[in-house]
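Visitor: In case it's useful when we look at the structure, here is the feature table from TrEMBL:
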type    : residues                                                                    : note
BINDING : PRO83, LEU84, ALA85, ARG86, GLY87, LEU88, GLY89, SER90, SER91, ALA92, SER93 : ATP binding site
DOMAIN  : 56-136                                                                      : domain 'GHMP kinase N-terminal'
DOMAIN  : 198-271                                                                     : domain 'GHMP kinase C-terminal'
Amino acid sequence: MKPFEITVPASSGNVGPGFDSMGLALNLYLTLQVEEANQWEFHTGSPVTDTEDHFIVKIAKQAASWHGRELPPLKLTEKSDIPLARGLGSSASAILAGIELANQVCDLSLSKDDILRFGTEIEGHPDNIAPSLFGGLVISTAFEQDIEYVQVKNLSMDIIVYIPEVELKTEEARNVLPETYPKDVAARASGISNLVVASLLQGDYAFAGKMMEKDLFHEPYRAKLIPNYERIRYEAKQNGAYGTIISGAGPTMLSIAPHGKGQTIAENMQQILPEYNIKTVAVDEKGLTVTELSHP
Ligand SMILES: Nc1ncnc2c1ncn2[C@@H]1O[C@H](COP(=O)(O)OP(=O)(O)O)[C@@H](O)[C@H]1O
Ligand SMILES: N[C@@H](CCOP(=O)(O)O)C(=O)O
């Protein structure tokens, strides 16, 4: 086996009202270098005590065993710009890295649709898995045995993320949501989501930003879990952003802004919230990639 590297972008799920179905791939990356080895080795920036039980290895073993195969020992080197439990899809990126690892090493011949289905089954919803796999903005939903999706590329807007120091587990942020929604609320909430999609497709980012802030599916329930929720929305708008939403389940927040204005907005917002990591990010258009390494 030749050494290779798997690269998976981060993602921002929901994009406001597209709860569990809309997500954007972002240019923060998890990379996993893979080499043959006689015994397991796992290298990351921080110590890994349970090499064979590491989340990515567990997923890879699961993917291999579902196809009647066993993963051999490997030397793995992981690097990641994606902060954990911040609403930037770290778990989806790690799941995809694990599935692709098994796909490559055990010759599973999984198609991208197979990976989407398997990854969604593990993650529970496709809104992070689909964009991290395909790149761009992806709208997706599980329908019977399949995950149906539409990929949208070449959005022309700037994106700013506000990453706090605190973590928020997605599971915890899902527990505050209602089990069911009254019919009139569901109808309005999906209408708002449809307006966001339609305006993004038309390139009307100002209207998309306005409607993104009107979510009824999750933001009203999660706002209390997100530090500085109202303040970030207000200050970002004062500084010229079109709209600000919770990224995934939070606690990171994300603004969309006019093309070319993102950097200035990020700098101004960093003055207001010095304890945050605030930066502009771009949409990743490629999704998961695998490259052969000549010199690992
Ligand atoms: N690269 C990784 N390696 C090991 N575990 C990871 C990795 N990425 C994510 N995880 C696991 O996923 C958890 C975060 O998932 P989650 O709460 O869904 O937040 P998010 O996906 O928004 O970052 C981490 O606490 C960790 O258990
Ligand atoms: N649709 C999910 C998205 C979770 O994204 P994450 O990055 O916070 O894991 C939800 O809103 O729960």
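Positions of Cβ are set from backbone N, Cα and C atoms, glycine also.
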Visitor: For the domain 'GHMP kinase N-terminal' (56-136), jot down how many residues DSSP puts in helix, in strand and in coil.
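Guide: Helix, strand, coil within the domain 'GHMP kinase N-terminal' (56-136): 48 helix, 7 strand, 26 coil.
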Visitor: Please go through the binding-site residues PRO83, ALA85, GLY89 one by one and keep those whose C-beta falls under 6 A from any atom of ligand 1; give the result in sequence order.
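Guide: Listed by sequence, the hits are ALA85, GLY89.
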Visitor: Give me the count of other Cβ atoms within 10 A of the Cβ belonging to SER93 (ATP binding site).
Guide: 30
Visitor: On a simple 10 Å Cβ count over all chains shown, which one of the binding-site residues GLY87, GLY89 is most densely packed?
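Guide: Sorting the candidates by Cβ neighbours within 10 Å, the top entry is GLY89.
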Visitor: If I restrict to non-local contacts, at least six residues apart, and a C-beta distance under 8 angstroms, what lies near ALA85 (ATP binding site) in its own chain?
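Guide: Sequence-distant Cβ neighbours: GLU167, LEU168, LYS169, THR170.
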Visitor: To what whole number does the mean pLDDT across the domain 'GHMP kinase C-terminal' (198-271) round?
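Guide: Overall, the domain 'GHMP kinase C-terminal' (198-271) comes to a mean pLDDT of 98.
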Visitor: Fewest neighbouring Cβ atoms within 10 Å: which of the binding-site residues PRO83, SER91?
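Guide: Taking PRO83, SER91 as the binding-site residues, the minimal 10 Å Cβ count falls on PRO83.
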Visitor: Which binding-site residues from the set PRO83, ALA85, GLY87, GLY89, SER93 come near ligand 2, judged by a Cβ under 6 Å from any of its atoms?
Guide: GLY87, GLY89
Visitor: Determine, for the ATP site, the additional residues of the same chain whose CB lies within 8 Å of the mean position of the CB atoms of PRO83, LEU84, ALA85, ARG86, GLY87, LEU88, GLY89, SER90, SER91, ALA92, SER93; present them in sequence order.
Guide: ALA10, ILE82, GLY248
Visitor: What does the DSSP secondary structure composition of the domain 'GHMP kinase C-terminal' (198-271) look like, as residue counts for helix, strand and coil?
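Guide: When I sort the residues of the domain 'GHMP kinase C-terminal' (198-271) into the three classes, I find 40 helix, 9 strand, 25 coil.
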